[in-house]
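Each remark here refers to the structure printed beneath this line.
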Amino acid sequence: MESTSGPYLNTAAVTSPVGIARLLQMTFGCTTFSLVAHQGGFSAAYGTFCMFVWTFCFAITVFIIACEFTHLHSCLSISWGNFTAAFAMLATLMSVTAAVIYPLYFVQLDCYPIGCEVRDFRIAASVFAGLLFVVYAAEVFLTRAKPGQVTSYMATVSGLLKIVQAFVACIIFGALVNDSQHGKYVATQWCVAIYSFCFVVTVVVVAFSVTGKTALLWFPFERSVVVYTFGAVLLYVSAAVIWPVFCFDSKYGSPRRPSLCAKGRCPWDSQLVIAIFTYVNLLLYVVDLAYSQRIRFVSHL
């Protein structure tokens, strides 16, 4: 436990630009899920996901504000700077996803059949969901590592990209389980193994950084991360070649969407989503590799 000198309450936690952004996050998050719960309504897996995002982000934001305002974060055996930076990036990705999904599935311009009051509540919730994304993105912008600045690893470009890589992998997994027919060929199973391996290792890297335990490892953590990122680039290159060939080549799959394929239940659609986000993650790992050679890890900030 670190000793703290000076006032017991840290007013900068709510008066600094980052503190103000977090207060707005708390306000917009509470407003969003309150509007939905009160009258806007939600249903199915998409609506449940959106409500989870808003309530989860609200709870963690309140926890962060309370800990920083009372200095209680000094009692936690984690790297606080890495934790807040990682959460801000994760919340940004989750909130933008919810801000797109909710109006896409629940907002309509006509009052029929839900009624004008419900429609208005849903539109208002969508607006606040968009504002919530903006203020989380603002925190990422404010806390990101500046050139020459000694800061937490998760606040660097490489650290933030780790969160994005894991998030994109979750999108890939979601498409995989949605009737993607990934078990049809050994080659596509190899791609699934690549997605799973890279996701697990990326999560482990984030976990070690957030817990501040990188200095306790018997091997050089920063060098291992760079080597892993290089390996992930090579693995994703193979997946970026193999997956489209075995899904969209006429010898193994279909180059065009089947006309009789049902909307939302079409394996071809899932395969296309996986292909697109495979290239997205490949690009993220390449950028990560370029930046990871220019930083030094600081685990205790």
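Each Cβ is built from the backbone N, Cα and C atoms, and glycine gets one as well.
Going by TrEMBL, these are the annotated features:
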DOMAIN    13-148  domain 'MARVEL'
DOMAIN    153-297  domain 'MARVEL'
TRANSMEM  44-66  transmembrane segment
TRANSMEM  78-101  transmembrane segment
TRANSMEM  121-142  transmembrane segment
TRANSMEM  154-177  transmembrane segment
TRANSMEM  192-218  transmembrane segment
TRANSMEM  225-246  transmembrane segment
TRANSMEM  272-291  transmembrane segment
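In the predicted structure, the domain 'MARVEL' (153-297) carries a mean pLDDT of 91. Taking Cβ pairs closer than 8 Å, the transmembrane segment (154-177) reaches residues 81-83, 85-86, 89-90, 93-94, 140, 143-145, 192, 195, 198-199, 202-203, 205-206, 209-210, 225, 270-271, 273-274, 277-278, 280-281, 284-285, 287-288, 291-292, 295 in its own chain, all 6 or more past its ends. Using DSSP to sort the residues of the domain 'MARVEL' (13-148) gives these counts of helix, strand and coil: 113 helix, 0 strand, 23 coil. Tertiary neighbourhood of the transmembrane segment (192-218): same-chain residues 77-79, 82-83, 86, 152-154, 159, 162-163, 165-166, 169-170, 172-173, 176, 182, 225, 228, 232, 235-236, 238-239, 278, 281, 285, 297, 299-300, selected by CB-CB distance under 8 Å and a gap of 6+ residues from either end. Of the Cβ pairs linking the transmembrane segment (121-142) with the transmembrane segment (225-246) and spaced 6 or more residues apart, fewer than 3 are under 8 Å, so the two regions do not touch. Distant neighbours of the transmembrane segment (78-101): 25, 46, 49-50, 53-54, 56-57, 60-61, 64, 67, 126, 129-130, 132-133, 136-137, 139-140, 143, 151-155, 159-160, 163-164, 167, 206, 209-212, 299-301; these residues of the same chain sit at least 6 beyond its ends, with a Cβ under 8 Å from one of its Cβ atoms. The residues of the domain 'MARVEL' (153-297), classed with DSSP into helix (H, G, I), strand (E, B) and coil, number 106 helix, 0 strand, 39 coil.
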